[in-house]
Amino acid sequence: MGVTETGKTIILNTASGASAEIYLFGATVTSWKSGGKERLFLSGKSALDSSKPIRGGIPIVFPIFGPPPSSPPEYAALSQHGFARTQDWTLDKIVMDRPEGVSIRLAAPPPPDSFPHRFTLAYVVTLTEHQLSTDLHITNTGSEDFIFQALLHNYLAVPDSSKIKINGVDAGTVYKDKVLGMKLDESDGNPLVIDKEIDRVYQKVPSQEITVDDGAGSGFKVRFRGFEDCTIWNPQEATGSKMADMEDKGWERYVCIEPGYVREFKTLPAGEEFIGAQVITAL
Ligand code: TA6
């Protein structure tokens with residue numbers, strides 16, 4: 001009862017009424033309902049036919065974050081945010097199916113032939129009454145070091161992004177400001193508000209916990225483990241209106257608080273596993 005396969009998606013349900021929908025395309029969580037409310041933003045203009053990455057929910061960014069680097073060549077040939085979000089994943093295992101909580105593990109297919117590294121990628125999605133956890137497991141099955149960046153690009157639904165307050169980035173945390181041409185700066189520790197386009201990569205966030213007060217009596221706590229960095233993104237009208245798959249004024253209805261390992265490439269020695277996890281609590 002807790003896990004339903006529809007062909008294109010997997011639906012999770014708990015006895016408390018929480019639910020989640022996961023597209024096998026990109027292992028993208030596209031819906032999370034808790035307390036009777038939808039907690040993830042999904043653009044009404046998003047392609048859901050596997051022709052493009054899904055705009056909203058929680059796309060998986062791997063093995064690069066952002067535009068491709070200039071080298072090595074097999075990474076330089078990748079498209080923005082890598083291939084994991086456009087691969088057809090499969091349901092590998094139902095990890096837990098109990099009235100109070102449901103957990104599944106998805107497996108990614110092998111990487112494209114043009115990316116000659118040996119690794120496995122698994123994704124565990126766990127739903128309980130008030131929490132959604134997603135854990136990315138990367139195992140280097142080759143005989144040499146494997147380098148990657150990874151990030152969980154959640155789109156958290158809020159009633160009005162101009163009214164939210166984001167807490168948890170301690171004073172002194174260094175961030176790269178993509179809006180200001182990758183300028184490095186330091187957080188002043190004050191709550192962050194969305195009063196302009198924000199696209200910042202906070203590096204090694206000490207608390208590994210960010211909260212969003214949505215200004216309407218609820219919000220989110222995003223905790224992360226394994227992942228140390230956190231990108232905070234809202235494009236506002238100037239950038240958002242140029243995105244073909246963004247619904248009208250969509251940027252008013254979400255904020256992205258994206259745990260990841262993206263400040264540099266992570267080196268994973270042969271035979272080792274890296275787990276990057278986020279636990280999102282609906283407040
Ligand atoms: O995580 C923030 C970011 O890298 C932004 O710079 C913005 O481009 C966003 O992701 C969306 O990227 P996408 O490739 O999905 O259009």
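Think of each number as a place in line: the chain as shown, counted from 1.
Yeah, the Cβs are placed from backbone N, Cα and C, and that goes for glycine too.
Taking the Cβ of His153 (active site) as reference, residues of its chain lying under 8 Å away and at least six apart in sequence are, in sequence order, Ile58, Pro59, Ile60, Val61, His81, Arg85, Thr231, Cys256, Glu258. The active site annotation in TrEMBL covers His153 (among others).
A strand conformation is recorded for Glu258 (active site) in the three-state DSSP classification. Taken from TrEMBL, the feature active site covers Glu258 (among others).
Per TrEMBL, the feature substrate binding site maps to Arg55, Gln80, Arg85. Its Cβ taken as reference, Arg55 (substrate binding site) is surrounded by 22 other Cβ atoms within 10 Å in the chains shown.
Counting only same-chain residues six or more apart in sequence, the Cβ atoms lying under 8 angstroms from the Cβ of Gln80 (substrate binding site) belong to Gly66, Pro67, Pro68. For the substrate site, the Cβ centre of Arg55, Gln80, Arg85 serves as reference, and the other residues of the chain with Cβ at most 8 Å from it are Lys52, Pro53, Ile54, Pro59, Val61, His81, Thr86, His153. Between the recorded positions Arg85, Glu258, the minimum number of other C-beta atoms within 10 Å of a residue's C-beta occurs at Arg85. In the vicinity of ligand 1, defined as a Cβ distance under 6 Å, the following of the binding-site residues Arg55, Gln80, Arg85 are placed: Gln80.
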